[in-house]
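Listed in Swiss-Prot for this protein:
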- Glu422, Asp495: Mg(2+) 1 binding site (BINDING)
- Asp495, Asp497: Mg(2+) 2 binding site (BINDING)
- 416-530: domain 'Toprim' (DOMAIN)
- Lys447: site 'Interaction with DNA' (SITE)
- Asn450: site 'Interaction with DNA' (SITE)
Amino acid sequence: MQNYQSHSIKVLKGLEGVRKRPGMYIGDTNVGGLHHMVYEVVDNAVDESMAGFCDTINITLTDEGSCIVEDNGRGIPVDIHPTEKIPACTVVLTILHAGGKFDNDTYKVSGGLHGVGVSVVNALSKRLIMTIKKEGQIYRQEFEKGIPTSELEIIGKTKSAKESGTTIEFFPDESVMEVVEFQAGILQKRFKEMAYLNDGLKISFKEEKTQLQETYFYEDGLKQFVKDSAKKELLTPIISFKSMDEETRTSIEVALAYADDYNENTLSFVNNIKTSEGGTHEAGFKMGLSKAILQYIGNNIKTKESRPISEDIKEGLIAVVSLKMSEPLFEGQTKSKLGSSYARALVSKLVYDKIHQFLEENPNEAKIIANKALLAAKAREASKKARELTRKKDNLSVGTLPGKLADCQSKDPLESEIFLVEGDSAGGSAKQGRDRVFQAILPLKGKILNVEKSHLSKILKSEEIKNMITAFGCGIQESFDIERLRYHKIIIMTDADVDGSHIQTLLMTFFYRYLRPLIEQGHVYIAQAPLYKYKKGKTEIYLKDSVALDHFLIEHGINSVDIEGIGKNDLMNLLKVARHYRYALLELEKRYNLLEILRFLIETKDALSLDMKVLEKSILEKLEGLNYQILRSFATEESLHLHTQTPKGLVEFNLDDNLFKEVLFEEANYTYQKLMEYNLDFLENKDILAFLEEVENHAKKGANIQRYKGLGEMNPNDLWETTMHKENRSLIKLKIEDLEKTDAVFSLCMGDEVEPRRAFIQAHAKDVKQLDV
């Protein structure tokens with residue numbers, strides 16, 4: 001084993017300022033920063049793996065709120081540091097920029113700076129425990145907010161002299177971090193990615209709270225990565241290869257395949273860090289791939305059709321490019337783009353040689369790849385011709401604009417906005433109600449084409465899509481120019497029903513796939529048309545959704561209730577909490593039935609700590625008190641099953657740990673505890689939810705509450721006042737927070753693969769909170 005001792009740890013400077021400006025080190029103090037702390041510790045263990053000294057990493061999220069990261073690497077050095085005169089492991093945990101990665105002999109490649117990460121994590125943790133197994137001994141040291149609270153001490157011996165490794169357990173400090181509760185879903189994705197990129201590394205992940213336990217291990221990680229990334233059927237086998245350039249100490253690994261898809265999905269990494277903006281390695285990959293395939297087509301296929309270009313090679317491509325290099329040069333602090341110039345030539349030559357060889361040795365697969373490129377070229381030419389139809393001679397001339405477009409008078413894009421309105425009826429109301437100076441209206445007939453299932457050549461034949469592209473003025477694909485955008489606000493305005501939601505989704509899919517910069521630069525919005533209209537006498541109020549309606553009913557209903565012992569504002573706040581409690585209960589009832597039992601479990605003190613047999617007896621007594629007939633009841637140590645006859649019919653109820661782990665159950669329990677913080681003596685033993693209903697009924701008495709299904713039901717003035725007037729309206733700006741996750745959602749929900757969508761719907765059907773049928 002290579003010698004890894006205190007002299008390998010280089011020291012730069014102390015930890016001053018980390019707690020004052022944590023965002024400089026972990027990005028932010030919210031969800032992203034919290035999980036970045038985990039990655040920093042895990043990355044150190046992965047670096048041990050890349051150096052060849054670790055093959056197992058265990059990560060545990062504990063019930064106490066801590067994260068434990070354990071590896072079987074060499075263990076951080078414990079001998080006295082030559083310049084700091086304290087144990088080297090203490091230096092690594094307490095001094096910024098102290099780590100083995102500044103010593104080129106310790107780590108040939110690394111994702112970051114060893115010691116920077118773990119010392120920052122220490123500074124931002126209210127408590128951190130370091131345990132090291134090294135040279136037959138087990139060492140331990142504790143820290144609080146980056147400061148040692150104990151000396152490094154020997155607490156035992158290892159089972160064997162060869163056993164080694166480092167364990168870090170840290171508790172995020174809530175006085176610095178806005179969020180301290182880890183989210184398993186975020187971490188799972190990253191750990192799986194790490195296992196893909198490091199053949200033979202076993203990463204085990206456990207969450208004690210949910211008893212989740214997963215292990216990620218791949219013998220041929222990149223090939224599996226490509227296979228798992230494919231959303232549609234693969235047309236070719238997965239091609240994979242790797243190489244090591246000794247001169248630059250750069251390892252290159254590539255895996256790719258072609259799928260029956262129009263979209264490209266190329267992922268690139270440097271030292272396990274995702275380079276989402278690409279860089280020289282990704283450019284080199286595409287250069288080498290294009291050169292090999294285009295050369296093959298030129299030498300082997302005669303065609304009178306359009307010749308493919310590099311752009312055509314990308315259609316249907318799924319690829320992962322992973323580099324491990326000693327001193328990568330990144331552009332910017334985020335490390336999302338590689339700038340090392342020599343990487344382009346290295347990757348390009350390797351990819352060209354390997355793909356050229358594959359095509360020569362596999363004529364059937366070569367023909368499939370060539371035909372895919374030829375079809376893409378043909379479609380590109382058809383799209384080019386179709387695009388010409390959407391171009392105008394003059395960007396602001398109305399002469400070539402769609403006939404259905406009611407344009408605005410202003411020619412200033414900064415103040416101009418266009419409403420994409422569902423149907424001619426609503427379009428008519430919008431045209432009459434708008435401010436003609438700066439508001440344009442484009443009615444859309446029916447549901448537009450689902451672009452996820454269509455090629456661009458077909459998309460550009462769609463009348464509604466052509467009208468939108470022409471109206472926007474910015475073009476599409478390679479002719480796209482955001483400087484020519486005629487409206488800086490594009491507002492989707494649809495009915496508040498299932499069809500309206502579908503049209504919104506189709507439009508969002510179109511914008512995401514073909515006009516993504518409009519979303520990224522904040523030009524696309526969704527109008528929040530009111531769902532309800534409350535009318536009583538001369539009072540007319542428009543309400544956005546059921547929450548707004550309930551709050552309005554509470555605020556106006558209490559005026560008709562004579563209550564002593566509680567102030568009006570306190571009563572209003574209490575009833576809003578009660579409304580939230582009722583909502584959580586009703587959502588739970590959809591899954592578990594018997595609202596009465598759910599309330600009993602939440603509202604009965606210590607009910608959740610009772611033995612299941614004792615709990616069964618209490619529940620049966622409760623149901624019998626309600627005159628429900630118990631038909632069958634069966635309890636084990638862990639669950640209760642019963643059938644009972646209620647006024648609503650025969651009901652089955654199953655009780656086990658799954659109920660108590662439900663987020664909605666926790667929400668209901670939390671809101672009930674909030675209710676109990678109020679003095680409820682004024683109710684005189686009346687049920688709080690019954691009182692809430694009484695208050696709401698007072699507000700409803702003599703009132704007409706209309707639920708809008710369509711914008712066409714509103715007269716032009718109402719539509720203007722509620723949805724289009726800048727002073728009154730509510731708009732939602734579209735944002736893309738996680739590109740990969742967004743891409744996956746559109747592919748799943750809007751693509752032509754039925755089975756994954758069916759499975760998703762079946763898995764999440766009970767989670768639906770607003771179903772319009």
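Indices start at 1 and increase along the chain as displayed.
Glycine is treated like the rest: Cβ placed from N, Cα and C.
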Quick one: of Glu422, Lys447, Asp497, which of the recorded positions has the smallest count of other CB atoms within 10 A? Lys447
Please report the Cα separation of Glu422 (Mg(2+) 1 binding site) and Asp497 (Mg(2+) 2 binding site) in Å, rounded to an integer. 11
Neighbour tally for Asp495 (Mg(2+) 1 binding site), based on other Cβ positions within 10 Å of its Cβ: 22
With DSSP assignments reduced to helix, strand and coil, which class does Glu422 (Mg(2+) 1 binding site) get? strand
With an 8 Å cut-off on Cβ-Cβ distance and a minimum sequence separation of at least 6, pull the same-chain contacts of Asn450 (site 'Interaction with DNA'), or say none. Leu506, Thr509, Met750
Could you count the residues of the domain 'Toprim' (416-530) that DSSP puts in helix, in strand and in coil? 55 helix, 21 strand, 39 coil
